[in-house]
Amino acid sequence: MLAYSSTSKPWLQLHPPSPSQGAGAAAAAARLVALAARSKRRGAGAAAAEGVDEAAEAAELVRSLLRRTGGGKERLVPVLDRHVRVVRTEHCFLLFEELGRRDGWLQCLEVFRWMQKQRWYVADNGIYSKLISVMGRKGQIRMAMWLFSQMRNSGCKPDTSVYNSLIGAHLHSRDKSKALAKALGYFEKMKSIERCQPTIVTYNILLRAFAQAGDTKQRMKSKQCRPDVITFNILIDSYGRKQTFDKMEQVFKSLLRSKERPTHPTFNSMITNYGKARLREKAESVLEKMEEMGFKPNYVTQECLIMMYAHCDCVSRARQIFDELVTSQNKVHLSSLNAMLDAYCMNGLHSEADRLLDTALQKGVVPSGSTYKLLYKAYTKANDTVLVQKLLKRMNKQGIVPNKKFFLDALEAFGTSERKPRTSSATNSASKPSSDSAGDSQTVDSNKPGDSETVNSNKPKVSVLQVAAT
C-alpha cells in the first residue's frame, strides 16, 4: 500500500525497547542525576542561553521519566520516588502538559498528590491552573471544580489565569447551554475582582462558545481590548462551523487589513470548514492564497486537506496527499494516519482502512487509543463483525484496555445511525490510481470495488455487541 525506496525512515518508530536494551537502564538513571546536578549548579544570575539549556534539560528529564513508564512497564509514582532528589516543580508542570496530551488525566492527579508530599512543594496558582485546564479538556468538570476548591483551601487566591482555565473547563462539558451560563457567571465575577480582570485570553475563550459573538465583541470594545490573531482565528472558526461563510470571509478580510498576520491555524480552519460543506474549489482557493502569502503547508494543513477531500468524495486525492506527506517527513504523526483512516471510513472503505493499519504496523507504528477508537466506532456503525473482532485482537495484543467512554461512543453510533451506502463519486474516486503510490503490489486502488464493501450478504448476521463481549 505504501511504496517507498526506503521504508525504515518515514514512519515514526514507537516500539518499546527490546530486552537486550535493558542494560542501559542504569546509564539512563545516571544521566537523569547528571542533568539535575547541572541544573542545580546554575545560579539565579545565569545568562539567557543557560536558561534555554535548563529548559531543554528539564524537558529531557521528563521524557526520560515517561519512557520508563511507556506501555505500562512501570507505574509513574514509583519512578518519581526513585528520582525524588531530581524532580522539582518545573518537571511536574511539564509532566502535566505531556500527560494531558496522552489522555493521562488520572496520572496527572497521581503526580499532583506525589508533589504535595514533597518538602519542596509550595501551593502555586500556575500548577492548579494547568491541572484545571487538563481536567477540562478531558471532560472531567467535577475534578476541575474539586481542584479549584482545593486551591482556595490551600491559601492560594485565584487570579485571571485560574478563572480562564475554569471557564475553559466548563465550556468542554456536554451541556453547552448550562456550561455557557456558568462561564458567563465566572466572567461577571472576574470583573468584580481587581486581580482577576478579564484579558484578551478570557475573551478569546468566551468567543469559542459563541458562533454569533456580538455581545462579547461589544464588551471587548468597551474595555478597549484590541483583537489579536487568536481572536480573529476563533471568529473565523466559529463562523465556519456555522457555515456562515460570508461572515467568515469578512473576518478574514478584516484580519488582512489589520496589523496582525494570518497563521497556519487561520488557513487550516477555513480549509476544514469549506471541506465539511463540500466546497472543494473554495478550500483549494484558500490553499492557493496561503501559498501566495508565503506560507508553506505543514502536516496539520495536509491533514485538513485529507479530510476536505474525504468530505468531497475524492478519496484518491486524499490518499495522494497522505503519500506525499509520508515521503516528505522524517516521521509521520499518528494524527496524519488517523486522518487517512477516517477518510476511508467516512466513504465506507473499511477494508482499505484495515489494510492501511496493517501497513502502518509493519512500518513500526504503534497506534494510540484514538486510532482504535476511530476504527472501532466506524466498524461498529457498519456492523462489520470480522473487522471488529480483528481490531479487538490487535488492541489486546498491544495491551490497550478500552475505557467506558470508548464503548459508549461506539454504542451510540451503532444505536442511532444507519450505514449509508457509498456514493458513486466516492467509489469512482477510490478506484482511480494514485500517482504517488507506485511500486507497491498491495495498493488500495488495485482492489476491486466489491472488495471494499464492509458488509457482505454471505456473512452471518452477528451483532458487533456479541463480538465485543467475547
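Placed from the backbone N, Cα and C atoms, the Cβ positions cover glycine too.
The annotation region 'Disordered' is assigned in TrEMBL to 1-20 (among others).
The compositional bias 'Polar residues' annotation in TrEMBL covers 1-10.
What TrEMBL lists as repeat 'PPR' is 124-158 (among others). Note: the repeat 'PPR' (124-158) comprises 26 helix, 0 strand, 9 coil (DSSP; helix = H, G, I, strand = E, B).
Taken from TrEMBL, the feature repeat 'PPR' covers 228-262 (among others).
Tertiary neighbourhood of the repeat 'PPR' (263-297): same-chain residues 229, 232-233, 236-237, 240-241, 243, 245, 248, 252, 255, 304-305, 307-312, 314, selected by CB-CB distance under 8 Å and a gap of 6+ residues from either end. According to TrEMBL, the feature repeat 'PPR' maps to 263-297 (among others).
If you look up TrEMBL, you'll see 333-367 (among others) marked as repeat 'PPR'.
The residues of the repeat 'PPR' (368-402), classed with DSSP into helix (H, G, I), strand (E, B) and coil, number 28 helix, 0 strand, 7 coil. The repeat 'PPR' annotation in TrEMBL covers 368-402 (among others).
The region 'Disordered' annotation in TrEMBL covers 418-470 (among others).
The compositional bias 'Low complexity' feature in TrEMBL is assigned to 424-441.
For the repeat 'PPR' (228-262), the mean pLDDT of the prediction comes to 89.
If one looks beyond the repeat 'PPR' (124-158) by at least 6 residues along the same chain, the residues whose Cβ comes under 8 Å of a Cβ in the stretch are 89, 92-93, 96-97, 99-100, 103, 105, 108-109, 112, 115, 164-166, 168-174, 195-196.
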